[in-house]
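Here's the structure we're looking at; comments come further down.
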Amino acid sequence: FYFLHGFDAEEDLVGSLVRMSTKERIKAIQKMPETMRKKREIRNKVLKEISKKSSHRGAQPSCCTQCLQGVAVSFRRFGNTLSEYFHQLRIWHKTLKIIGAEFGTSVLSYFVFLKWLLNFNIFSFLINFSFITIPQFLAAEPNNLSFTGLELFTGAGYFQQTVLYYGSYTNATISKMENGPSYNMQLAYIFTVGIYFVICFLILLFSMAKFFSRNFINPQTFSVNASKLLCTWDFNITNEKAVKLKQKNLHTQIKEDLTEVNKEVLNFSVTERVLRIAIHLIAWVASLGIGVAACTGVYFLSINNLELFMKGQRNDLESQTAMLVLPVIVSLLNTIIPFFFSWLGHLEKFQTPGQHIYVTITRNIILKMSIVGILCYYWLNIVATSESQCWETLVGQDIYRLVLIDFIFCLLGSFFGEFLRRIIGTTVLLSLGLPEFDIGRNVLDLIYAQTLTWIGILFSPLLPGIQMIAFFIVFFVKKVSLMRNCQPPRKVWRTAQMMTSFILLLFCPSFLGVLSVIGVTVWRLKPSEECGPFRGLPSMYAAVAEWIQTLESYTASKWVVWIYHNLITSELFFFILSSFVLIVTYLYWQIIQGRKTMTKLLRKQITN
């Protein structure tokens, strides 16, 4: 009876599988709680049943059906081949693997962040070039200035009348045909920049969420046991170089995990604690004092720079060189002072490398963002109210010079900070040894450069393209310098949350500070009367208000006017939206807390 019952059940199962589609059938067989041998038997019975039914119907597929099936299979194979090639062509994928294997995840996090910023700037450049620069080419006037080559460093002269700067863009509606479509340059300029910053906000937000969710509960943290050795190896690897690279990577991971497990908690006496606190306080006072002095110097130097520029915009060598004084001094401060901060960190003798890096990053971010804040005050309150014919172009030139000189000093920092340090440590003072890669200083260089690029987008739309080239070169220079001059960290440690911290610093204070600068420029400052797409308007935002007034006379555009008046300009709407976001954030935070508690309980059960 049981035999017949089981036989009937299997027949019913085969019959139900026959009626399914191919994908459903495969999934159903995979989910069965049976052995692989039993699953194969069931699959073979199903295929036999399908072939019997097709032979009974005499259902040989038609020529058209066979052709379509052949084309579908060919496309599927072509797609799989393409995906494999794209996986192999992922930018610097192999380089990142080598860096991770040789130097660990702490150094790798810097290069992952640099690659992420490079992709970010490629996206920025494509948006600005497509919607702002290409239309301007259609209405561009001939440039009468001569090119001397010095403009590559100063950004002035010939470049002043090119699409590199705000002042050369027209305020007219571009139309190549009399009755053809037109392109409103004012709206294109402000909407492109505005939508770009909205997209940046969302990308940063989702990137932080993605890295946080990936690193918040890291299963590798709790796998420091035999499973790391027995279950990690990829047996598909057959290439000898790939095998050695995988071995190094696994070796570094195990060392990092063991460092976390064997982390010593040092017990200091009362005297030692007081001494350590005193050293930390002295280090913080010294770092803050140097930061205040640097900001004061930058402020007075920027005032002098404007007076020098307003005396006369000559194109001789002396005036062109004078333009480089401010960016050179700023870059010099941003290069030398972080080395002093790193030296202070070594004197403080932190218990873990992570503490040293995070304190160094905090000091550097205070220094660099304070200098950027002083420069923004100078641009928005002094340059914008000066008697210049086109103050936006002046600001764009200043930012161009800052970006370029900062890039040059970044390369020089690799030479003097790592190459010469290696020469000294291996030939003169052997006790120093090879230098370690300074993650905190290098990460803050990237955040500072990206902050300048964001501020400069409004005044120099093609600045992301320049920064894109700079980041591309920096990646290769830093990679070569790392491989040739640096040694792996003496204290190996795992950095699961470091990428999340980098993007958080990029978001706040960098991106939020840039939004406030752009907001003041668009809503409060009066554009120049003789240049740029917003000439003659009381503010850049006035172009949007005038466009809305024009749309009010068209019945088909009433919905745009309603959205503008009831949503975009409504304080109540943004209050409700902010309240909703806060409520959702609180709910998600409570969910995370619940999951943390559940994870702890599960870990206890696994231990038991």
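Cβ coordinates are placed from backbone N, Cα and C, and glycine is handled just like the others.
What TrEMBL says about this protein:
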TRANSMEM  116-138  transmembrane segment
TRANSMEM  187-206  transmembrane segment
TRANSMEM  281-302  transmembrane segment
TRANSMEM  322-344  transmembrane segment
TRANSMEM  365-384  transmembrane segment
DOMAIN    390-496  domain 'TMC'
TRANSMEM  399-416  transmembrane segment
TRANSMEM  423-440  transmembrane segment
TRANSMEM  452-477  transmembrane segment
TRANSMEM  498-523  transmembrane segment
TRANSMEM  572-589  transmembrane segment
Long-range Cβ contacts under 8 Å made by the transmembrane segment (281-302), restricted to residues 6 or more beyond its ends, are 325-326, 329-330, 333, 337, 340-341, 344-345, 347-348, 363, 366-367, 370-371, 373-375, 377-378, 382
Other than its close neighbours in sequence, what residues sit by the transmembrane segment (365-384), given a CB gap under 8 Å and a spacing of at least six beyond its ends? 287-288, 290-291, 294-295, 298-299, 302-303, 306, 330, 333-334, 337-338, 341, 391, 394-395, 398, 402, 444, 447-448, 451-452, 455, 505, 509-510, 513, 517, 520-521, 525-526
Sort out the residues at least 6 away from either end of the transmembrane segment (187-206), same chain, that have Cβ-Cβ distances under 8 Å to it, and list them. 120, 124, 127-128, 131-132, 135, 169, 454, 457-458, 503, 506-507, 511, 515, 518, 522, 533-534, 540-541, 543-544, 547
Which residues of the same chain, at least 6 past either end of the transmembrane segment (498-523), have a Cβ under 8 Å from a Cβ in it? 105-106, 109, 112-113, 116, 190, 193, 197, 200-201, 204-205, 207-208, 211-212, 215, 357-358, 361, 365, 369, 372-373, 376, 380, 384, 443, 447, 450-451, 454-455, 458, 539-541
Compute the average pLDDT of the predicted model within the domain 'TMC' (390-496). 86
Across the domain 'TMC' (390-496), DSSP yields 79 helix, 2 strand, 26 coil
